[in-house]
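If you check TrEMBL, you get these features:
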- 20-39: transmembrane segment (TRANSMEM)
- 83-227: domain 'Flavodoxin-like' (DOMAIN)
- 89-94, 141-144, 176-185, D211: FMN binding site (BINDING)
- 282-524: domain 'FAD-binding FR-type' (DOMAIN)
- R301, T538, S599, R600, K605, K606, Y607, V608, T609, D642: NADP(+) binding site (BINDING)
- R457, Y458, Y459, S460, T475, A476, V477, Y481, G491, V492, A493, T494, W680: FAD binding site (BINDING)
Amino acid sequence: MENSEGVKIESTVVTEEPLISALDIALFVVIITVAYFWYFKRDKQSSSSEKKPYTIQPSSLSSIEQTSNSSFIKKLKSTGRSLVVFYGSQTGTAEEFAGRIAKEGARYKMKGMVADPEECDMADLVEMKEIQESLAIFCIATYGEGDPTDNAMDFYEWLQNGDADLEGLNYAVFGLGNKTYEHYNEIAIYIDQRLEELGATRVHEIGLGDDDANIEDDFVSWKEKLWESVCSHYGIEETGEESNIRQYKLVDCSEVLPERIFSGEISRLKSYENQRFPFDVKNPYLSKIAVNRELHKSGDRSCMHIEFDIDGSKMRYDTGDHVAVYPKNSSGLVDKIGELLNADLDAVFSLLNTDEESSKKHPFPCPCTYRTALTYYLDITSNPRTHIMKELIEYASDPKDQEKLKLMASSTPEGKKEFHEWILRDNRNIVHILEDLPSVKPDSDHLCELLPRLQCRYYSISSSPKVYPKSIHITAVLVNYTTPTNRVNKGVATNLLAQLIPTNDELPQPTIPIYIRRSQFRLPPKSRTSIIMIGPGTGLAPFRGFIQERDYARKEGREIGEMVLYFGCRKKDEDFIYENELQEYVANGTLTKLHLAFSRDQPEKKYVTHLLEQNADGLWNIIGEKSGHLYVCGDARSMAKDVHSIIVKVVMEKGQMTNSQALNYVKKMEQQKRYSADVWS
């Protein structure tokens, strides 16, 4: 405003004194230009500082310089470290594993640090050889259809496109994946091989963790052998020190002003009060719940149709995208932890990283109350990993409780068996552990450091933006189940959503933080391309959006291709979701064919896979003769695998190919995005 006013004033002067010299005009332009850029830069810096996450108070200049410095080599050299552990993490597990490795490095005379490749100049890997007896370890997750995590994307592309000389770099890789997915640990395997191709030396063979089985066991087993290889490679011996070194220190924030205390925001303080576009993983949109209705007609299970209001948010989505929902833990569980630990949950605290060089200053937004941390930031319902058992030992006053924790924290066959049975099979979370081992009373701040971050939940969007540009729909089954110890475990997100029922217009509507995650699960570019959709249960969700979009095109007068849907559920009169909608689409011609399998409406169970086997000619007609697209959504563990096998068999028989040729044909379909899967385990 000041600049524009200044320009107007000076312009008036020029008009009144037309005899002004050319030199005066030139000086005037220079002054105005400098003033404009000074004002713009100041405003940009101010805006940037407002968006900086997890800030309690202004940092000193030196700490800002350290945080912005992307050279991990300089940090290693300046602090006398030789071990750096990079992580590619989507849900926090890889980051947690990286921290555990870096922490253990001290036992092998290797001072370590954890690093996010997104915040580092990874080209500096060529300089690792300058640090004596150095080692780079990569904990890398693969997610989606063989995709790198968001924070590892740049590093992955650098490896693909670059030809750096990495001779002298010593490395090891641990991958985090899930065997139910086709591209199991694909990114970690590629990084391991590519580093070797570029001249680096593999100190220990790659480890492949399977999250469908017991990824904790996979990691611990690999880690033990890793250190054996490290000792052998560098000629060092384990120091034998087993001290539990804290990564964060407790800071009393009882004097902090209320307006500086986080109350559940993901990153920016007061972000839910002052919403700013664009909305993403660190800046979710607080959406109103516009609709929340039951889809099941009867029975003891529940499936919800929920609509998030995004009117005025500037958020845009495409058919097939996912929406991330940020849940919060139940107040009952949070109160129970406070009761078990005799803790003041409303005390305000902060956890500050003891490593001054780390770019991660806090494990979650600080300062906040213990109640806020346990409600919004920490995962208190999942099965704790073995390192938490190990850290809890010192807090057990009963020798029996102490011995049980020691056993579960060990890597012995007996210890692994006990951990598997008592934690995993019996499905105990941290609340159950504290209940069943009553002498274990960890410090509240240490427990907050140990527990993993509470992650957002992703749902396939079940609407089309062409039809519903101002709302996002999801289809979610309410998760409730009884554990072997007769406790009722409840899904964190779905049970929260079940409580968010819209009221009349006079009252404030319930809200929940969301953001949109882009997907590759897309309709063909041409509306006349024929498609097959296979989605039992809530696997129908994205196909509801597909059908809506094609129906919209048809009503516009465009030619649409065949749309064939395979849907299955237990009973027609119980859980046939969106029945009326689907029948209407069949009636108006948008949905060409609807194949239905109700598994429990007859003596012998009937699934969509049975229908696929019975319709081999129809499948081949679309995917073979018409070069159509095939989509699968739902369970990855069995359904998606069975569908893949059936499709290969159909291609063999109807396309008159050998097994090898059929596999290559299906592989080519996947590469051409003609065979797409949106699955979960």
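Along the chain as shown, the residues are counted starting at 1.
Cβ atoms here come from the backbone N, Cα and C positions, even for glycine.
The domain 'Flavodoxin-like' (83-227): residue composition by secondary structure is 65 helix, 35 strand, 45 coil, according to DSSP.
Calculated from their C-alpha atoms, the gap between Y181 (FMN binding site) and T609 (NADP(+) binding site) amounts to 18 Å. Of all residue pairs in the NADP(+)-binding list (R301, T538, S599, R600, K605, K606, Y607, V608, T609, D642), the one with the greatest Cα separation is 26 Å apart. Largest Cα to Cα distance within the recorded FAD binders R457, Y458, Y459, S460, T475, A476, V477, Y481, G491, V492, A493, T494, W680: about 23 Å as a whole number.
For Y607 (NADP(+) binding site), the nearest neighbour among the listed binding-site residues (A141, R457, T475), judged by C-alpha distance, is T475. Cβ-based crowding with a 10 Å cutoff singles out R457 as the top-ranked of the binding-site residues R301, R457, K605. When the alpha carbons of T475 (FAD binding site) and R301 (NADP(+) binding site) are compared, the span between them is 14 angstrom.
When pLDDT is averaged over the domain 'FAD-binding FR-type' (282-524), the result is 96. Each of the binding-site residues A141, V477, A493 was scored by the number of other CB atoms within 10 Å of its CB, and the largest score is that of A141.
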